[in-house]
Amino acid sequence: MRGNYLSLLVVLIVLASNDVLANNNSSTPKLRRSDFPEDFIFGSATSAYQVEGGAHEDGRGPSIWDTFSEKYPEKIKDGSNGSVADNSYHLYKEDVALLHQIGFNAYRFSISWSRILPRGNLKGGINQAGIDYYNNLINELLSKGIKPFATMFHWDTPQALEDAYGGFRGAEIVNDFRDYADICFKNFGDRVKHWMTLNEPLTVVQQGYVAGVMAPGRCSKFTNPNCTDGNGATEPYIVGHNLILSHGAAVQVYREKYKASQQGQVGIALNAGWNLPYTESPKDRLAAARAMAFTFDYFMEPLVTGKYPVDMVNNVKGRLPIFTAQQSKMLKGSYDFIGINYYSSTYAKDVPCSTKDVTMFSDPCASVTGERDGVPIGPKAASDWLLIYPKGIRDLVLYAKYKFKDPVMYITENGRDEFSTNKIFLKDGDRIDYYARHLEMVQDAISVGANVKGFFAWSLLDNFEWAMGYTVRFGLVYVDFKDGCKRYPKKSAEWFRKLLNEKKND
């Protein structure tokens, strides 16, 4: 255990030695496209449930998010759902035109599992209308010179599998996900060359099974009495285990059946903030290391070594599932690239380990907070959790480089939100500042050796923002949900257009 801590401290020291200041009070950085490698990819991202709509059309089966938001509207801040969302199911050509107009050369989207397999598995049949929709989207992208980056799971587990065996609580889901991935590779892999198996498995685990504020809304009663059921000390680890194995199974089927002919790459999109020690004390430094172990390392370590982080093994003990030797072999090296979703950072402070009301949140024995001595780590966006700390994206990327064998990386999500208003709001200077500062930090990480190949802005469109509904907006493009989902590019879209056309930003 001591060796593990020492190796992490070496990483932290290296990051500190390469430190650059990110002064939130300075003027917005001026960037050029030529500041980045010639083959660097610039794109934007969305997810199926957040933008598609058409939730009950053309044979699509329900997902757990349909059930969660439609059956329990009180769990969504404005009582809304994604049944229509941005109506991208019908307006996808407009979305592709916007991407082309801005100058992006890649688009990260997710495939709705239940649009392909309405009941989640092969026994329930394949929905050809779903296959046709994604073929049309992919072909439209390619016709405009835009590379498709496809995510196979962005939180929308088919409700039929949740009903059958508890969704990702059941080991059966690994085979069902493998079969679903096989269908995706078979039908789209001749044109899609960049795949992500899962998006933010950490969010699925934490918000769906510990906090209970996202689908399927499970948690311990002492955490949230409104949860329908659950156990925040055990279920998150079971779900995380099956998510990791599902990833491994999908990569395995690609490499065995499709890699030779399709020559694509398969990765995963992981989210994490950077965790700074609350003080410079050794205890708080170790607390920050544990916080990383239970977030980013939780899903990265098994893909590199076939094992869980030592801190998780030591703290969770018998509640943490074990990989068999065969599973470890399957997982080790099961990625061609790593996607990193970064928004914010926090401080971590050492606290005694809990013996009462234990959950995954208490297991790291670290208190995670966005402020120190009453001072926030950075300015707050609309969402309470989104405190702006640009340097964190650099530190996280370099952490991944130094600790996990210098992987190929893409920034697969990065962005900030503003509150929704009754007026069309296009002058999003704060978003421009956010992107400029974070891209500056990404460029700095590249300059010291980080193997970052691309950047995807979250999000192309204002959309259904999960438990927040439509109360906040992350889009480069304003969507008028009251007027047929009309799209209006914001100033940030124009900023990207100028950047990608090699003009100096004012």
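Every residue, even glycine, has its Cβ placed from backbone N, Cα and C.
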Tell me, from Cys184, Cys219, which cysteine Swiss-Prot puts in a disulphide with Cys227.
Cys219
Looking at beta-D-glucoside binding as recorded in Swiss-Prot, which candidate out of His154, His241, His247 goes with Gln50, Asn199, Glu200, Tyr343, Glu413, Trp458, Glu465, Trp466, Phe474?
His154
Just checking the recorded positions Glu200, Cys219, Asn226, Cys227, Glu413: which sit within 10 A of Gln50 (beta-D-glucoside binding site), CA to CA?
none
For Cys227 (disulfide bond), which of the three DSSP-derived states applies: helix, strand, or coil?
coil
On a C-alpha basis, identify the one among Asn199, Glu200, Glu413, Trp458 that is nearest to Cys219 (disulfide bond); the candidates are the recorded positions.
Glu200
Let me make sure I understand the span of the beta-D-glucoside site: among Gln50, His154, Asn199, Glu200, Tyr343, Glu413, Trp458, Glu465, Trp466, Phe474, what is the greatest distance between any two Cα atoms, in Å?
18
Minimum Cα separation from Cys227 (disulfide bond), reported as the residue among recorded positions Asn81, Asn199, Glu200 that achieves it:
Asn81
